[in-house]
Amino acid sequence: MASRKLLLLAGDGIGPEAMAEVRKLIVAMNEKLGTGFETEEGLVGGCAYDAHGKAISDADMAKAMAADAVLFGAVGGPKWDAVPYEVRPEAGLLRLRKDMELFANLRPAICYPALAASSSLKPEVVEGLDILIVRELTGGVYFGEPKEIIDLGNGQKRGIDTQVYDTFEIERISGVAFELARTRQNRVTSMEKRNVMKSGVLWNEVVTATHKAKYSDVKLDHMLADAGGMQLVRWPKQFDVIVTDNLFGDMLSDVAAMLTGSLGMLPSASLGAPDAKTGKRKALYEPVHGSAPDIAGKGIANPIAMIASFAMCLRYSFNMVTEADRLEAAIASVLDEGLRTKDIMSEGKTEVGTTAMGDAIVAKFFA
Ligand SMILES: NC(=O)C1=CN([C@@H]2O[C@H](COP(=O)(O)OP(=O)(O)OC[C@H]3O[C@@H](n4cnc5c(N)ncnc54)[C@H](O)[C@@H]3O)[C@@H](O)[C@H]2O)C=CC1
Ligand SMILES: CC(C)CC(=O)C(=O)O
Ligand SMILES: [Mg+2]
């Protein structure tokens with residue numbers, strides 16, 4: 001059997017609570033299906049800072065580089081508000097993305113039929129929704145230099161972040177979006193702000209050229225990112241694949257999350273380029289949500305985003321398509337039966353905590 005080495009980085013807040021449900025599933029899959037997953041654990045975020053003063057240690061970084069896939073929970077929280085910027089919890093996640101060269105973040109927003117009523121939008125707007133946001137993850141304003149606060153010496157300071165994109169970065173992320181569109185409804189909408197940003201002008205040019213050169217069979221539209229946000233809540237079903245930069249992708253995917261009922265529902269896969277020799281790609285699977293300090297420790301977090309991120313891991317890192325389909329079907333089925341965590345609770349349904357939701361999905365997976 002091919003190697004199946006997983007590194008689990010549960011992180012802070014609700015990260016460990018959600019990860020516990022995936023760990024349970026992995027143990028059961030090994031026992032019942034002989035899947036042979038080998039798991040290691042590591043520290044990232046605030047808990048890593050508490051242990052050794054860094055948001056991720058070099059040793060855990062090395063484990064991530066050696067793993068076939070990394071499962072990531074969430075990082076951050078008010079406890080670490082005052083730690084130096086360079087070692088804040090979020091820096092651990094940014095280092096993982098950058099050092100592993102995980103340039104493509106796939107954020108599917110699917111509205112499960114049972115949850116159409118949980119969205120803040122009207123059911124007819126979200127019923128049957130199935131869109132995929134492809135977010136560039138290793139460039140743009142998250143990483144551009146200079147990035148600093150300078151003292152202007154007149155009682156004023158200046159905060160600077162830099163949005164930078166090179167041609168190759170736009171080419172490779174748009175290539176991912178076009179390839180994925182071919183497996184779906186064959187439509188891509190590219191979002192930038194070319195009306196105010198030079199990087200937006202280049203983004204638009206390169207996406208257009210990449211389309212013309214290699215993907216002219218795919219339907220391509222361009223939309224300004226602010227209008228895209230509006231269209232996402234006006235009529236989200238107009239979209240198939242959205243490709244956008246790091247910051248717009250971060251914001252638009254949080255918006256898309258609410259179409260599906262809750263941030264606790266949205267999984268994601270962060271992928272690198274396939275290795276030229278082996279075809280294997282570095283990968284990290286992370287829910288879109290953060291550490292949710294407001295509900296951490298209460299046992300009420302929705303574990304579905306984390307469990308669905310593991311389904312993406314089965315699909316993209318291990319080609320275990322049957323198991324991935326089964327896991328996604330188990331989530332849908334548990335929702336159909338009326339189980340709800342607090343964030344997606346509605347009248348007439350049964351409210352359960354994190355563990356009970358995880359147990360129900362695991363039981364359904366093996367049923
Ligand atoms: N990937 C990561 O590790 C991310 C970390 N963060 C960090 O997380 C911390 C909190 O950030 P927030 O802005 O509050 O974003 P958040 O995503 O942690 O929470 C936003 C809201 O959604 C709810 N929520 C999120 N996930 C949920 C789940 N699984 N089940 C039920 N409800 C859920 C929370 O209770 C909260 O009301 C910050 O330190 C932030 O930097 C934020 C986003 C991503
Ligand atoms: C570094 C993260 C905390 C930024 C974020 O919100 C995300 O990537 O979803
Ligand atoms: Mg975010």
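Note: Cβ is positioned from N, Cα and C throughout, glycine not excepted.
Unlike curated entries, TrEMBL annotations are predicted automatically.
What TrEMBL lists as domain 'Isopropylmalate dehydrogenase-like' is 5-361.
The secondary structure of Gly77 (NAD(+) binding site), as reduced to three states from DSSP, is coil rather than helix or strand. The NAD(+) binding site annotation in TrEMBL covers 77-90, 290-302.
Within 10 Å of the C-beta atom of Arg97 (substrate binding site) sit 22 other C-beta atoms, taking all shown protein chains into account. Taken from TrEMBL, the feature substrate binding site covers Arg97, Arg107, Arg135, Asp226.
The site 'Important for catalysis' annotation in TrEMBL covers Tyr142 (among others). In the three-state DSSP classification, Tyr142 (site 'Important for catalysis') falls within a helix.
Every protein chain shown contributes to the tally, and the Cβ of Lys193 (site 'Important for catalysis') ends up with 19 other Cβ atoms within 10 Å. Residues or ranges marked as site 'Important for catalysis' by TrEMBL: Lys193 (among others).
According to TrEMBL, the feature Mg(2+) binding site maps to Asp226, Asp250, Asp254. Spatially close to Asp250 (Mg(2+) binding site) yet at least six residues away along the chain are Arg135, judged by Cβ distances under 8 angstroms.
Across the fold, the C-alpha of Tyr142 (site 'Important for catalysis') and the C-alpha of Gly77 (NAD(+) binding site) stand 19 Å from each other. Arg107 (substrate binding site) falls within a strand when secondary structure is assigned with DSSP.
Max Cα-Cα distance over the annotated substrate binders (Arg97, Arg107, Arg135, Asp226) is 26 Å.
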